[in-house]
């Protein structure tokens with residue numbers, strides 16, 4: 001667990017999140033939409049007559065403090081949901097209506113709720129019923145964990161429970177359980193995070209909320225020149241300086257790895273084809289593992305001396321061969337091309 005209380009990949013439970021998640025604040029979210037959404041006319045928002053939901057999916061995320069709301073918010077953001085943190089219940093319908101008027105820019109809205117009073121719980125229940133009656137069919141995700149696990153998470157973070165007051169930590173947990181009991185009983189997806197790792201929690205939420213085809217793993221091949229330094233954000237780095245350098249062929253020197261003559265020269269060298277075949281197999285294996293672990297982006301840096309010939313040609317060829325793989329979206333960037 002790091003200094004902010006977020007778990008590392010070896011932790012067996014999600015982070016304590018007494019202060020909210022990564023989503024937008026209510027004010028920030030409203031400001032982002034206000035500029036693009038048409039004005040809400042009389043009777044359009046709030047408790048108006050039922051109307052078509054315009055393809056908007058609505059999710060509400062609640063649960064016990066420390067049970068993983070922040071992690072859930074991050075997962076939903078990764079899945080393409082517009083996440084808003086701690087929006088008052090009376091503003092949820094307005095936010096959903098604004099999303100419906102966003103001309104397709106916003107199709108999925110998730111609101112992370114930190115419920116700390118009985119009135120708040122009643123208001124949220126009323127909002128859920130109103131949204132359901134208007135055709136939005138909101139889904140409620142509720143996160144919980146055992147008392148022992150919650151106590152351990154709060155103690156690891158050296159934080160008090162929001163309902164603890166002057167009492168014991170366990171008293172705050174008990175009070176929150178009682179406050180949230182009506183929401184728990186009506187949850188569409190109930191997840192006990194007591195024994196789940198961050199990756200396992202991500203998988204559970206993805207299974208419950210991902211729509212359509214799964215998000216592909218995005219693989220970016222970045223060619224670079226070692227003379228200009230290593231890229232800072234690489235997941236994998238491969239050195240192509242084991243192949244002959246076209247720089248020493250006068251008729252190829254001024255061309256780049258994107259030109260057919262240089263590409264053909266590089267790919268015809270001894271070891272090039274075997275490298276390409278084996279490295280694509282490696283990337284296929286690694287990519288599948290990354291998807292299981294919830295990693296959606298893979299940066300592969302391919303280097304040569306100047307980033308002009310070999311690394312460019314190999315990056316392009318790797319991307320071409322991997323492009324047909326299932327669950328993968330490839331792109332190519334040439335960092336140092338044109339610097340010489």
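Placement of Cβ uses the backbone N, Cα and C atoms for every residue, glycine included.
As recorded in TrEMBL:
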BINDING   63, 64, 65, 66, 67, 68, 69, 70  ATP binding site
BINDING   114, 115, 116, 117  GTP binding site
COMPBIAS  7-17  compositional bias 'Low complexity'
COMPBIAS  24-42  compositional bias 'Low complexity'
DOMAIN    56-211  domain 'RapZ-like N-terminal'
DOMAIN    218-337  domain 'RapZ C-terminal'
REGION    1-49  region 'Disordered'
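Mean pLDDT for the domain 'RapZ C-terminal' (218-337) in the predicted structure: 93. In this structure, residue 63 (ATP binding site) is part of a beta strand by DSSP. For residue 70 (ATP binding site), other Cβ atoms within 10 Å of its Cβ number 24. Spacing of residue 63 (ATP binding site) relative to residue 114 (GTP binding site) is 8 Å (Cα to Cα, whole number).
Here the C-alpha separation of residue 65 (ATP binding site) and residue 114 (GTP binding site) works out to 8 Å. Residue 69 (ATP binding site) carries a helical DSSP state (H, G or I). Candidates 66, 67, 68, 70 (binding-site residues) were compared with residue 114 (GTP binding site); none lies inside 10 Å Cα-Cα. Just so you know, of the binding-site residues 63, 64, 65, 114, the Cβ with the fewest other Cβ atoms around it within 10 Å is the one at 114.
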